[in-house]
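**Q** A single structure is presented below for examination.
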Amino acid sequence: MPESKLNSPLRYHGIYNAPHRAFLRSVGLTDGEINKPLVAVATAWSEAGPCNFHTLSLAHVAKEGAKEGGLTPLAFPTIVVNDNIGMGTEGMRYSLVSRDLIADMVEAQFNAHAFDALIGIGGCDKTTPGILMAMARLNVPSIYIYGGSAEPGFYLGRRLTIEDVHEAIGAFIAGKIDEHELYEIEKRAHPTVGTCSGMFTANTMGSMSEALGMALPGSASPTATSSRRIMYVRETGKAVSRLLENGVKSRDILTFEAFENAIAVLMAMGGSTNAVLHLLAIAYEAGVKLTLDDFNRISKRTPYIGSLKPGGDYVMADLDEVGGVPLVMKKLLDAGLLNGDVLTVTGKTMKQNLQEYRIPNVPHNHIVKDVKNPIKPRGGIVILKGSLAPEGAVIKVAATNVTKFEGKAKVYNSEEQAFKGIQSNEVKDGEVVVIRYEGPKGGPGMPEMLRVTAAIVGAGLSNVAMVTDGRFSGATRGPMVGHVAPEAMVGGPIAIVEDGDVIVIDVENERLDIKLSDAEIKRRLNNWSPPEPRYKSGLLAKYASLVAQSSMGAVTRPVIK
């Protein structure tokens, strides 16, 4: 990229920029280093949990790679909110909020210090989408590297993930296991640094970074403890110099076709429903018009082929051994289900990347099926619409075999109320648990309901469904419908559901309905008034005033009159 198009010369070159250069010298930069393009290494790092515990060391490796590529790298941090530690508490309300905060923080630090290019490193659920949103917003040469998943745990010969700990609580409540066994599962479920090992939200979004073309091929699947993780981080540092040299910016890669590819990979792998929110949000920042209808359109034509937890039997480390995300993408490309002509961070097309990537010559059909012999003929996520969700709702069909469910509503106005209801055996087989006022504005922050869904599964309530305007963890399984829009707080129909109302979940017809006449729904809505907001000051109150509905990715938007 010509110097005239770089940001850093305007800030650091020339006699009048001597004060700015003085501060770069203070951190050890030489004249030669100041005269090179400056690359930001945005790193989501935190000791509060294993997901991003190791990313600071990865940042040092990425910087080494960038230096080898002739650049001057400087690292800065972003915040991290650990979803698992916040699960079922007020802390979870900050999870989705942190995604947009991360995007804002990266934008602020990048522009304030006049960087020329961006390397992003993150490990958990919101760090990947937050950094990708910033890359899309900034539209500068950018590349992402995922921090990697943890190795799976083991207990009595059974492979464990964090999902098993949550479900063990439900089993304990139901008297199926004792406190000692719960404790043993807790100690063994997550034995190393890295993200949750199943195809939960973190690994889903790591996979999306590859599928979008924003990360090096094969870089999502090695575990956080793998030496190949270090190799990919170093190569990522080198690769950003080629993007700068060729003038390739993030929006050159983040096209509508790239998002179609990402959705296809999401559907094929049975990834997290949270990816729907995050892809919509990244597209919004990239100026790409992506809608929920695009997800259903691609879901219908894309088979579900990845047997990965929670819907299947395997974890990310297993997928890595047989070829990682490129194995899935190559199968889709060969079947005509991917656009191979899109540009990627390698400077090559997706098709060229997949042709050059060496898939291990080992059996893989137990993990990744053939497109012509899939686990299910349509993708792992379905968008539902109907009288209960006029703007849409999301169900992960990869994690349930239920295609139609009809039952009476058991209504709760918060996740906490619902969890207490399950503890006290209020919920009966055949019912639909409705949890409302947990949407983007109502939560606020659209918290995940894993504590409730895991308690339902763990308690053996196999014939219970759930509908919420909140979110689900990527570890959730069962007939669980989330992201109901409009949410209760803004007067969506979910606000007027009463105990005993009949709710119908119909996956085949993509419907979510309440068995009430239009006149009765209208009458109830006319008599409805919103509750007092849970927060009237602070970050959560500010967020609630700016956030859009889940059908729009729950992005925060400025209020411009």
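Positions of Cβ are set from backbone N, Cα and C atoms, glycine also.
According to Swiss-Prot, the protein carries these features:
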type	residues	note
BINDING	Cys51, Cys124, Cys196	[2Fe-2S] cluster binding site
BINDING	Asp83, Asp125, Lys126, Glu448	Mg(2+) binding site
MOD_RES	Lys126	N6-carboxylysine
ACT_SITE	Ser473	active site, proton acceptor
**Q** Check each residue in the chain of Glu448 (Mg(2+) binding site) that is at least six apart in sequence and keep those whose C-beta is under 8 Å from its C-beta; list them in sequence order.
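**A** Listed in sequence order: Asp83, Met87, Met92, Ser95, Gly470, Arg471, Phe472, Ser473, Thr476.
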**Q** In whole Å, how far does the CA atom of Cys196 ([2Fe-2S] cluster binding site) lie from that of Lys126 (Mg(2+) binding site)?
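**A** About 13 Å separates the two Cα atoms.
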**Q** Rounded to the nearest angstrom, how far is the Cα of Cys51 ([2Fe-2S] cluster binding site) from the Cα of Lys126 (Mg(2+) binding site)?
**A** 11
**Q** Cα distance, Asp125 (Mg(2+) binding site) to Cys51 ([2Fe-2S] cluster binding site), nearest Å?
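**A** So the alpha carbons of Cys51 ([2Fe-2S] cluster binding site) and Asp125 (Mg(2+) binding site) sit roughly 9 Å from each other.
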**Q** Taking the recorded Mg(2+) site as Asp83, Asp125, Lys126, Glu448, identify the other residues of that chain whose CB atom sits within 8 Å of the mean position of the site's CB atoms, giving them in sequence order.
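**A** Everything else in range on the chain: Val81, Gly86, Met92, Ser95, Leu96, Cys124, Thr201, Ala202, Asn274, Ser473.
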**Q** Within 8 Å of the Cβ centroid of the [2Fe-2S] cluster site residues Cys51, Cys124, Cys196, which other residues of the same chain have their Cβ?
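**A** What remains near the Cβ centre is Gly49, Pro50, Asn52, Asn82, Asp83, Asn84, Gly123, Asp125, Ser149, Ala150, Gly194, Thr195, Phe200, Ala202.
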**Q** Run through the Cβ atoms and count how many others sit within 10 Å of the one on Asp83 (Mg(2+) binding site).
**A** 32
